[in-house]
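Colleague: What TrEMBL records for this protein is below:
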type    : residues                                                        : note
BINDING : B:136, B:162-165, B:238-240, B:244, B:299-302, B:491, B:502-503 : substrate binding site
BINDING : B:158, B:338, B:400-409, B:411, B:433-436, B:459, B:493, B:499  : ATP binding site
BINDING : B:158, B:160, B:404                                             : Mg(2+) binding site
DOMAIN  : B:229-335                                                       : domain 'Glutathione synthase substrate-binding'
């Protein structure tokens, strides 16, 4: 296997001080000139020092594209449309979703409240039959002797149904690595590895923007002859703003579609529902101009932290009730629960074929599941409790709550102690997942101006766009209208860290240098 | 006249706090995503805080495009090719240039040393017959009852023959203002002024890059079958690096032409001359790879500050001796002396028609000259000495040294005192120029995160590209091979300041909102 440092001691290539200086100065300038940037962390630049926020920094990036087996990369891209189909089908199967979510009610407050929003809207009936998913399926490489691919296969870490981030920066980082290659900033010694047919350009910015555009157009015309817009519901402040702006600019280039950024906590102030629940947005800067919102794109609202007040829940309900297309709807958001992933991935689970009747596609998806167990009173759950509380077996697992976003997982030997402190009634809020054991790899990361070199762990995310009709009448199960793979993300972190969120401070955006292993 | 605050009290439009917030947040994100950026000043972010230099800031920009009479703007663009022709002709007329420069020898050390370089190279003969000029002619609006254009005409501030900057940022700032217009960030009240056929896009990035590309190709093939490159000779550190990088990227997009940044003080270390004086560049990061330099593009070397050591003069000589095309050659650099501008613009001067035989073109150029006087022993010089030493008349003038770049001028009532302290033998190093009196205008500038509103002064720069043959044999006066107008720059400063260099800390990049006055 070419991926190990033992077998590829030359990767990434060693740089002389002059080579490193050239590569870094080129990288630092190119990144700012091309929006591969973030707002600096308050720990780097304080609010007092830059009160109005004009400073930006190169986003955390790898100096080199990371090696990735071509067959695994292509497999991830190939099965994305099946994943889109799977999660769209789950989001449309309210009864099944209910049976899963009910197990979490009372133990996971966040899931419970999201479900309440759905039931509340259902009472009066949904005003919009279309749903949009901008998904991202995250994988790690896993050594698995059962695959034909020299033991390497993709194993899914999680499936994101809301606020799948880094689509904007991902296109830029692969463009950066390609640029560095083209101008000869990589040493000649790596020319047989880092080459133009290997450094994979991600289409994520334009593909995701096209997804928003397709929903925007599918919404139809304004009944009130109002101007139409897409609403990016965002956190405020947002350090990762350029990632989002790149999508906004691509959407605007693609046929002049207007988008506005709405801080989630200003939803009730700046939007209202018309009599037919048309969502109307009045920009604070243009109070005399009211837009009709075709699509609500959530880049906030995925974490309990986004709902400090009751008003925030009222806001989510308000948006869900509206006639705008939601990306995602509450049901689609819920379909991204770890519990769902666990139910699908519990060994011998019967559920996958319910949603993916095509056997070949189902088996391709199934092959990417790492074993995941519930921590409930079921047979599998009781077995898992033994695994998790025993320090010897726990080291092979990670404990995850339902919600998205890094920083909440409990790893390996910390699990038994964590569970000891948690009332058993709350255990079902977590799922137990076998740790994916990626092959060792090496790279160098530029973060806040510092270069860190060493062992890294890479996570491949494949984006997917899916637009579907939910089915508004009894017996109508809806249908998928658009479904495509939408580029990729590679996120790379030092192998000392166990969390992978770049914005959370532990990793970098990266691109794939494909290897024929 | 529409330009005065009295008559256009609505410009720039007043913004509500919400409008200003929207405009600023849009502007701050767009600028970073599109390279309209600078490295922060050390007074803003210290070297200790960001030792490796990953931070960038929005370049100082105006919030609105500034109003500018369409006819004056078009006139500036129209006459640029005549200006290119004029300065190319001056640079080719060594005898005439010598007669002018000789007056400065002994009083202006910088000019003297540049001239020495020319004479030194001339002894052995120039190895390259082609010269490239990336020029910029700078103007202010001047109230002049003699013009038909409601009293407004362009008066030239200076003509830059070396290191004409801001071509990269200028394209971006006009794109920014157009973007702000398109997304409705400007209030509806200004819709009849800020409109798409008024906000003028500058083509400077692509036009200047095309100029470098044309020279690069005109150089011909490498005799040694070496790879070819363009060399950007730069200051180090350079805060305005993105301005330069944008040209480099455009040059690379335009047919893959490679460019390297060479700090001027590393010239002798990293370049050498082959036996036929071919200029060879060995990048420090790729010591085994030697490039043949087709074109030396000076973004340094224009100021005495760039020559702290004798080695720096040796480096300039070394480059001038080479077979690379210089942008500019030493003679072209010298053609940009204020003294030349003064000789051309001294009332009743006979010199212009020598270089611009076409009467119509000459008269168009002449119309843009503000009166400029020498401070020498000539009749005009003695008259000017009276004007400059008399506090009553001095207030209408500015005293300028020969060299380019802001920060060295003496204004109005400071002139008599300044001259009192200067030995009279050094007076001829300066020229005395009538102050151009631009009509009052208003705008808002974002600088280091602060918005400053109020009266402003605008300076229009028109870029020009000119490639010519100098004429290598006796009696061959050479010829112009390429000549075009290459976009524009608007630089705007608060009217309290009397210097105009944005990078020097007194102004902002801007774009023209054309008015039919």
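Glycine residues also receive a Cβ, built from the backbone N, Cα and C atoms like all the rest.
Since this is a predicted model, take the numbers as computed values, not measurements.
Map the listed features onto the structure and describe their local environment.
Modeller: Secondary structure from DSSP puts residue B:300 (substrate binding site) in coil. Taking Cβ-Cβ distances under 8 Å and a sequence separation of 6 or more, the neighbours of residue B:300 (substrate binding site) in its chain are B:163, B:233, B:234, B:235, B:263, B:264, B:306.
Annotation note: residue B:411 (ATP binding site) sits in a strand segment as assigned by DSSP.
Its own atom aside, the Cβ of residue B:160 (Mg(2+) binding site) has 23 Cβ atoms within 10 angstroms in the protein chains shown.
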Colleague: Do me a favour and check the Cα-Cα span between residue B:136 (substrate binding site) and residue B:493 (ATP binding site); whole Å is fine.
Modeller: 18
Colleague: Summarise the domain 'Glutathione synthase substrate-binding' (B:229-335) as counts of helix, strand and coil residues per DSSP.
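Modeller: Tallied per class, the domain 'Glutathione synthase substrate-binding' (B:229-335) gives 41 helix, 28 strand, 38 coil.
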Colleague: If one measures from the C-alpha of residue B:411 (ATP binding site) to the C-alpha of residue B:160 (Mg(2+) binding site), what distance in angstrom results, rounded to a whole number?
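Modeller: The separation of the Cα atoms works out to 20 Å.
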Colleague: Around residue B:165 (substrate binding site), how many other CB atoms lie within 10 A of its CB?
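Modeller: Result for residue B:165 (substrate binding site): 22 other Cβ atoms within 10 Å.
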Colleague: Pick out which of the binding-site residues B:401, B:407 has the most other Cβ atoms within 10 Å of its own Cβ.
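Modeller: Counting Cβ neighbours within 10 Å, the top one is B:401.
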Colleague: If you count, for each of the binding-site residues B:302, B:411, the other Cβ atoms lying within 10 Å of its Cβ, which residue has the minimum?
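Modeller: Checked B:302, B:411; of these binding-site residues, fewest Cβ neighbours within 10 Å: B:411.
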Colleague: Consider the binding-site residues B:158, B:160, B:435, B:493 and say which one has the Cα lying nearest the Cα of residue B:302 (substrate binding site).
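Modeller: That would be B:160, nearest by Cα distance.
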Colleague: If you count other C-beta atoms within 10 angstroms, which of the binding-site residues B:163, B:435 is the most crowded?
Modeller: B:163
Colleague: Return the average pLDDT for the domain 'Glutathione synthase substrate-binding' (B:229-335) as a whole number.
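Modeller: PLDDT averaged over the stretch: 97.
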Colleague: Name the one residue among B:158, B:407, B:435, B:493 whose Cα is closest in three-dimensional space to that of residue B:165 (substrate binding site); these are the binding-site residues.
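Modeller: Smallest Cα separation from residue B:165 (substrate binding site) among B:158, B:407, B:435, B:493: B:158.
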